[in-house]
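**Q** Quick paste from TrEMBL:
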| type | residues | note |
| --- | --- | --- |
| TRANSMEM | 19-46 | transmembrane segment |
| TRANSMEM | 67-84 | transmembrane segment |
| TRANSMEM | 96-118 | transmembrane segment |
| TRANSMEM | 240-265 | transmembrane segment |
| TRANSMEM | 305-324 | transmembrane segment |
| TRANSMEM | 431-447 | transmembrane segment |
| TRANSMEM | 454-471 | transmembrane segment |
| TRANSMEM | 477-495 | transmembrane segment |
| TRANSMEM | 516-538 | transmembrane segment |
Amino acid sequence: CICTPCLSHVCVQEASCGYVIILMALYWCTECMPLAVTGLLPVILFPMMGIMESSEVCNQYMKDSNMLFVGGLLVAIAVEYWNLHKRIALRVLLLVGVRPALLMMGFMGTTAFLSMWISNTASTAMMLPIANAVLKQLCDSEAQAEEREMDLMDQDNQAFEMGDKEKSITIGPEPEVEESLEARERRLKREAKYLNLDKGMSLSVCYAASIGGTATLTGTTPNLILKGQVDELFPGNEDIINFASWFGFSFPNMVLMLIISWLWLQFMYLGCNMKKSFGCGMNKDGDKEAYGVIKNEYKKLGSMCFAEGCVLVLFVLLVLLWFTREPGFMPGWATVLFNKDRPYVTDGTVAILMSTLFFMIPSQLPRCGGYSEDGKPLKAPPTLLNWDVVQEKMPWNILLLLGGGFALARGSEVSGLSQWLGESLAPLQSIPPFAISFLLCLLTATFTECSSNVATTTLFLPILASMAVAIKLHPLYVMLPCTICASLAFMLPVATPPNAIAFSYGNLKVMDMAKAGFVLNIVGVITINVALNTWGAAMFNLNTFPDWANVTIIHTP
């Protein structure tokens with residue numbers, strides 16, 4: 001072997017970068033320090049180890065993906081602040097009704113839709129109390145119906161006993177004992193039934209939140225990490241990951257997973273009795289009272305105010321601008337107006353533009369005229385959002401986490417670690433691509449159960465990119481499914497905040513979540529790989545190795 005000082009320096013850089021990655025992986029998995037603080041370690045270690053200059057490291061913490069994250073969250077904060085998400089949720093539940101199977105479907109669909117736009121944690125925290133209130137009302141209504149039935153039986157027994165006085169004296173207390181035992185059995189059976197239903201409903205809400213977050217680019221943080229890593233590692237990727245392309249791939253997959261999850265939870269907690277699950281031919285009195293609970297909650301919101309209408313209009317406009325910026329099958333408005341030679345306008349530009357309007361548009365319909373009230377001049381109405389609300393609700397720590405991930409990816413590329421990893425993984429070229437994708441998805445889904453999904457994607461994606469380039473496989477063929485699998489943590493309460501919220505209600509046990517989640521993890525991996533090899537391959541041309549992916553293997557000592 002020929003060893004030169006320059007080559008020796010490169011080897012040291014690779015080892016140093018590998019040390020930083022291992023150290024951060026250990027810190028992220030054990031959470032011995034806050035995740036965001038661990039994300040700042042590249043700012044300290046990369047310059048000291050001679051891997052990157054400090055200014056270059058710091059630039060990684062404010063990328064276009066970070067701006068997309070901030071803009072998306074500002075919209076979500078406005079939706080939550082004006083209770084628009086609750087109005088949408090209750091309206092959908094009023095449409096689907098309160099029959100057990102339809103109720104579960106309604107809660108899952110609503111939670112998944114909300115999680116596409118607001119945080120998974122917020123949608124779970126809002127939906128679970130509503131689900132518990134509805135189930136409690138259904139249980140109380142059934143108990144009252146049984147009491148009325150028992151009262152009628154008592155009246156019949158008393159009429160029979162009055163016809164035969166001697167029998168009445170002889171067996172006086174016995175009917176009451178028999179009736180109390182029967183009532184107790186009914187009560188225990190009813191409580192067991194609704195405890196089971198409550199478990200199923202709690203799991204359905206937290207699982208739907210995680211599944212729904214995968215449908216949009218801003219739905220959950222790992223999606224944005226993928227976009228940032230692809231843009232960082234493959235600068236000439238021609239904006240292959242944007243809001244429209246992500247939605248086109250992930251939304252059908254989300255719907256498929258949601259339906260399968262609903263069927264599985266239906267089987268586990270409601271059984272296969274269609275009459276009981278869908279309520280065909282059953283007493284509707286209890287349903288009306290439970291329906292009234294949802295209706296009363298909706299009435300408390302009152303009619304839609306001016307601020308809610310403005311937030312809704314801006315939200316719809318933002319989504320439309322995202323979809324039409326670069327739809328893929330035709331030139332988008334950004335291409336026609338701005339991006340004629342370079343990608344000046346991105347999804348992040350649109351997100352910041354629309355979120356800025358929340359700080360400019362008033363929350364009340366402006367009044368004409370300069371009159372005053374009680375001798376005081378009229379003040380301008382407050383805007384839809386103010387910075388105090390944003391400061392309180394914005395998860396700033398995620399920005400540091402995103403930046404730490406981008407810094408690791410850049411450090412791996414500059415140090416040559418990515419090239420070394422790719423060459424080491426080159427023997428995998430003999431394994432069929434679908435087998436590689438499936439095994440990596442299983443590994444990611446297992447790892448994310450005991451680690452944050454942000455940490456999982458941050459650590460895995462640069463390695464997967466290097467491997468894909470080394471074996472001449474389309475990078476998205478392994479990076480895309482593993483990113484989605486990182487959000488499918490269904491087995492443990494500590495895996496995701498929605499799981500923890502559902503578990504905190506006290507009715508769930510760890511084994512309940514593990515049994516239901518294990519099957520859904522396997523199903524999720526299968527459905528993602530089916531989507532990848534069908535419409536995903538057609539959308540992203542995954543069967544060929546793109547020219548823009550060659551940049552990662554270029555390294556000059």
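A Cβ is built for glycine as well, from the same backbone N, Cα and C atoms used for every other residue.
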**Q** When you scan the chain for residues with a C-beta under 8 Å from the transmembrane segment (305-324), skipping those not six or more beyond its ends, what do you find?
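**A** Residues 75, 78-79, 82-84, 87, 117, 243-244, 247, 332-333, 347, 350-351, 354, 357-358, 361, 363-365, 384.
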**Q** The transmembrane segment (240-265) vs the transmembrane segment (516-538): three or more C-beta pairs under 8 Å (separation of 6 or more)?
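**A** Yes; at least 3 Cβ pairs under 8 Å.
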**Q** Could you tell me what the rest of the chain brings near the transmembrane segment (454-471), counting residues at least six beyond its ends with Cβ under 8 Å?
**A** 21, 24-25, 28-29, 35, 221-222, 225-226, 229-230, 233-234, 398, 401-402, 404-405, 408-409, 412-413, 418-419, 421-423, 425-426, 428-429, 440, 444, 447-448, 477-479, 482-483, 486, 549-550, 552-553
